[in-house]
Amino acid sequence: MPGLALLGLTALLGLTALLDHGEGATSCLSQQLRMQGDYVLGGLFPLGSAEGTGLGDGLQPNATVCTRFSSLGLLWALAVKMAVEEINNGSALLPGLHLGYDLFDTCSEPMVAMKPSLVFMAKAGSCSIAAYCNYTQYQPRVLAVIGPHSSELALVTGKFFSFFLVPQVSYGASTDRLSNREIFPSFFRTVPSDQVQVAAMVELLEELGWNWVAAVGSDDEYGRQGLSLFSGLASARGICIAHEGLVPLPPGSLRLGALQGLLRQVNQSSVQVVVLFSSAHAARTLFSYSIRCKLSPKVWVASEAWLTSDLVMTLPGMPGVGTVLGFLQQGAPMPEFPSYVRTRLALAADPAFCASLDAEQPGLEEHVVGPRCPQCDHVTLENLSAGLLHHQTFAAYAAVYGVAQALHNTLRCNASGCPRREPVRPWQLLENMYNVSFRARGLALQFDASGNVNVDYDLKLWVWQDPTPELRTVGTFKGRLELWRSQMCWHTPGKQQPVSQCSRQCKEGQVRRVKGFHSCCYNCVDCKAGSYQRNPDDLLCTQCDQDQWSPDRSTRCFARKPMFLAWGEPAVLLLLALLALALGLALAALGLFLWHSDSPLVQASGGPRACFGLACLGLVCLSVLLFPGQPGPASCLAQQPLFHLPLTGCLSTFFLQAAEIFVGSELPPSWAEKMRGRLRGPWAWLVVLLAMLAEAALCAWYLVAFPPEVVTDWRVLPTEALVHCHVHSWISFGLVHATNAMLAFLCFLGTFLVQSRPGRYNGARGLTFAMLAYFITWISFVPLFANVHVAYQPAVQMGTILLCALGILATFHLPKCYLLLQRPELNTPEFFLEDNARAQGSSWGQGRGESGQKQVTPDPVTSPQ
């Protein structure tokens, strides 16, 4: 293309002229900050800065003198110029149209920034703002504004431009207040909100285990808002701020004494990490004092505003402050930008080119806003080389493409051109700025509902080199932090990652007991059994569910296993052996009694009733089989009835025999004979039946009124769930024993004081000892059952039943078995039947005399008296 060839030749000649002029040569670079077009974009850039800041020092509204030069501000302005020229030279966005630009210096001062802002809002073709009731048809000099760079300035200009609904796109203002659409409806930016940067900072602190930090901000809108956001989010995430303060502005402020006190507190505490959310000027002030006070090396988490600032990087003594980390927004590479800057400088040094600018752009209105950028006309490539790759350059560049895309949509441009129509007014452009998607250098961007863009961050680390540190990428933040630990290095003693915690991390199974006002200062307390530590930051132990358990210092709960009196337990096996013994003895005695059923001994013991009592005693022994194993509803209901009814049957036979002995010894002979006849006849079985019916009625009442049920007790055992039969009323449980206790008591009363005749079998003694065995076992049962662990209560009841049965067998039945087996010569009517033998002596004698052999003894119960 001949135009590009001519431009390249001109740039080459200009570059030669620039080298010939040297460093002190004057150029016309400031004149390149303005270009006419169909639509003009205003620009606010920090091309310089003033020595004294603030309005309090002046008594008159005089002009602020900007003496310092900012190379970054000029580079951002040149990036906007480059973007406009690319759009004008291309046909993708605004074919047939030319954008213009009008770029001014803000001097980093709100008062200075307002002057060009007023010029921007002047009516097209004039230098003043007309007063109207309705500005709908008002056409200002600019269609949109790019800038300013700082939050402090954007808060001032943002309200001003929002009144006219003029779109404003900042390339550096990040305070979250600017996202408020109620106050700043026309504000947009190509940098993320501070809220995103703060979230990245907090996640970095969490990832590195730093929860005891100091937080410092600059005493301006950017620092105060950022510090407020950080404090709120850090507290919500369990990060404690040990010290907090503001760096006063300007540097000569009388409040710097408070800053020195803050630095001394940080130096004397265990804080090893300082979050510094401030402007570059405030950061330089802080580090100047920290170097002077010889603050020990710390880790400085930097905000984006000062992380790449030459004001801070070039401060003498900075390598001794420690490690500096911070987040920078990502952007698309701009490899052509350094070449473009060199070309602009070369052209600015060309007198012919400068003369052409004077002819094309007469009257720069310097009488209104002052010199546009006098320092720019003395700049050299060496002055700008350090900031050529600054990350914010792309943000300024992308801002132009965002406005151009919205204008493209407003004009409904296509490949052939943009349809002619009335000039677009700022408020019409604003309608198409909301949620607009655009591309800059291949990177897709979009303004969201709050005017922010979705740009990710790189985590940068200062690696100290001479003269300024190198920025090394050690991680990224794309909604979540990704840290590259292998790339990190620590400028601290020992080159080890510093620890910044008020208290050590609690061990597993411990929770924090906060001491003082900071949640990060705490004592570690063990979680007791039955509770556990759910999360490392828990302040209280979490109780396990009732079906779970945990040991001391646990981090989880375990399921409780059901526990009951299992068949395989040693105690149960011992009781089963005892059962076998008792049942074996009862069956052996029953068999022996049946074999000798007609003998005087068996007849004296009750005959069939004695066999019935032994059978019931065997059933009593078998009832213990209902206690082992997992309890069920049926087994719980059957335990007491199946034990008490057989025992009642056994004791009722004893009662009849005791009554017979009592009658024979205590009543007159005539009455005794009558009563014996009744006690030995069919009426005796009626007594047994009535006793068992009475016990059955008690058992039925017990099961209906207070039915035992299967319950699972979760707390009685430390690691298991006890499954057992629960007794609702111990009074009713005792009343079920009433029938048996009464029978045993009557037996004892009827036999205790009875005297046997010499040479006769003492049947009363066996009954007395049998009842004593009953009472001893069941009286011992009460305190033992009440004090033993509930898990072993079924075993206690089993043992009591078996001991009771064995006691009855040992005191009443086994002595008779001994006589049957070892002393058969005593098994005679004279020894056992007493009065019956005397009453029927002739019958016994005749029977034995006639046959000469032993005769069958008649049943004393059924034989005639």
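Glycine residues also receive a Cβ, built from the backbone N, Cα and C atoms like all the rest.
Feature annotations, courtesy of Swiss-Prot:
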- 852-865: compositional bias 'Polar residues' (COMPBIAS)
- Asn134: N-linked glycosylation site (CARBOHYD)
- Asn267: N-linked glycosylation site (CARBOHYD)
- 840-865: region 'Disordered' (REGION)
- 1-24: signal peptide (SIGNAL)
- 25-573: topological domain 'Extracellular' (TOPO_DOM)
- 595-606: topological domain 'Cytoplasmic' (TOPO_DOM)
- 628-642: topological domain 'Extracellular' (TOPO_DOM)
- 664-685: topological domain 'Cytoplasmic' (TOPO_DOM)
- 707-732: topological domain 'Extracellular' (TOPO_DOM)
- 754-765: topological domain 'Cytoplasmic' (TOPO_DOM)
- 787-794: topological domain 'Extracellular' (TOPO_DOM)
- 816-865: topological domain 'Cytoplasmic' (TOPO_DOM)
- 574-594: transmembrane segment (TRANSMEM)
- 607-627: transmembrane segment (TRANSMEM)
- 643-663: transmembrane segment (TRANSMEM)
- 686-706: transmembrane segment (TRANSMEM)
- 733-753: transmembrane segment (TRANSMEM)
- 766-786: transmembrane segment (TRANSMEM)
- 795-815: transmembrane segment (TRANSMEM)
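Helix first, then strand, then coil: DSSP counts for the topological domain 'Cytoplasmic' (595-606) stand at 6 helix, 0 strand, 6 coil. Calculated from their C-alpha atoms, the gap between Asn134 (N-linked glycosylation site) and Asn267 (N-linked glycosylation site) amounts to 59 Å.
When the glycosylation sites Asn134, Asn267 are scored by other C-beta atoms within 10 Å, Asn267 scores highest. Long-range neighbours of the transmembrane segment (766-786) within the same chain, counting only residues 6 or more positions beyond its ends whose Cβ lies under 8 Å from a Cβ of the stretch, are 651, 654, 657-658, 661, 737, 740-741, 744-745, 747-748, 750-752, 793, 796-797, 800, 803-804, 807-808, 810-812, 815-816.
The topological domain 'Extracellular' (628-642): residue composition by secondary structure is 10 helix, 0 strand, 5 coil, according to DSSP. Residue counts for the topological domain 'Extracellular' (707-732) under DSSP (helix as H, G, I; strand as E, B; rest coil) come to 3 helix, 12 strand, 11 coil.
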